[in-house]
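Trainee: OK, Swiss-Prot features for this one:
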- 9-91: domain 'Phosphagen kinase N-terminal' (DOMAIN)
- 64, 65, 66, 67, 68, 225, 271, 314: L-arginine binding site (BINDING)
- 119-356: domain 'Phosphagen kinase C-terminal' (DOMAIN)
- 122-126, 185, 229, 280-284, 309-314: ATP binding site (BINDING)
- 201-271: disulfide bond (DISULFID)
């Protein structure tokens, strides 16, 4: 049972949300009085409460979603709040649906989407994983951060072939190494105000680090927003090569580190927007003609469930007609289907761009 001080804070937070008429978050939409009363006294076995789930969304009323999971059990215990939010965000993943088992599919179906190198600047595929037996950021102790980092770094140091590389802990990092990682766009910073308010940045930089292979085409972030972010990327449009590298890395890491998985929701992550496959496959792509015809761009993107962002990610402009385009769907489909849909959409966009020239 949550203690009285927590419940008092929750009551205040709920009042604040109710009064915020211009707040458009999914938290506000689905945290009704009856759901609130049903959940406010509950506590996971690791001690997380509804306050851990909603505090970022209460503090940041401009949140799009507004909830985070403090540990794996939270998705089950606080399901009356999480389930409708998940259904709303992952369009069509109903509360009765079950995410399919992991299936990377036939990796040879993926190709170089731009063999002439005229449109695609770079290609990236990432996924998120949580280590079984550990809560998510807000509930981790300093000792757990250190223990997780040593498990991750020793696992990664066993990687061979093109995945072989170096682990750089953020703790005690020299200015030179730091600058080198910033120049390569590899270094992650301490979390933004949304993550700060969710208590995702405690004991920073303890337990955080970055691994990359010698070619700088494979990267792992340890204890950034998720326990693990596994990233494969390179210049040009060879999605096949990027995907195959990611799949072999995930399979290697999984042999040594068990991942948190949920029967209904797939792989578990700190933020409910990343659940399921957790896979985001993206390209930086130059589409000058389509950039001038945004309506057509959005129409094709909609047809293939693609998300179109500015060059530097969410809430940014497309610099010089360069877009960041990725798959939107993460739940209710396999890893293979998610990336295949993105490949089909990108091929279609390139075809239309060529026709418009």
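The first residue you see is number 1, and the count goes up from there.
In case you wondered, yes, glycine gets a Cβ from its N, Cα and C as well.
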Trainee: Across all chains shown, how many C-beta atoms besides its own are within 10 angstroms of the C-beta of residue 125 (ATP binding site)?
Mentor: 27
Trainee: Quick check for the class: what is the C-alpha distance, in angstrom and rounded, between residue 282 (ATP binding site) and residue 68 (L-arginine binding site)?
Mentor: 24
Trainee: Using CB atoms and a 10 A radius, I'd like the single residue among the recorded positions 67, 201 with the highest neighbour count.
Mentor: 67
Trainee: Specify the count of other C-beta atoms within 10 Å of the C-beta of residue 122 (ATP binding site).
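Mentor: By my count, 16.
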Trainee: Which numbers of helix, strand and coil residues does DSSP report for the domain 'Phosphagen kinase N-terminal' (9-91)?
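Mentor: Across the domain 'Phosphagen kinase N-terminal' (9-91), DSSP assigns the residues as follows: 48 helix, 2 strand, 33 coil.
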Trainee: Among 64, 66, 67, 201, 225, these being the recorded positions, pick the one whose CA is nearest to that of residue 125 (ATP binding site).
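Mentor: Comparing Cα positions, the candidate nearest residue 125 (ATP binding site) turns out to be 225.
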Trainee: Of all the binding-site residues here, 229, 309, which one's CB has the most other CB atoms within 10 A?
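Mentor: Buried the deepest by this measure is 229.
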Trainee: Under 8 Å Cβ to Cβ from residue 225 (L-arginine binding site), same chain, six or more residues apart: give me those in sequence order, or none if nothing qualifies.
Mentor: 128, 137, 191, 195, 200, 270, 271
Trainee: Which whole-number value in Å describes the distance between the Cα atoms of residue 201 (disulfide bond) and residue 64 (L-arginine binding site)?
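Mentor: That comes out at 20 Å between the alpha carbons.
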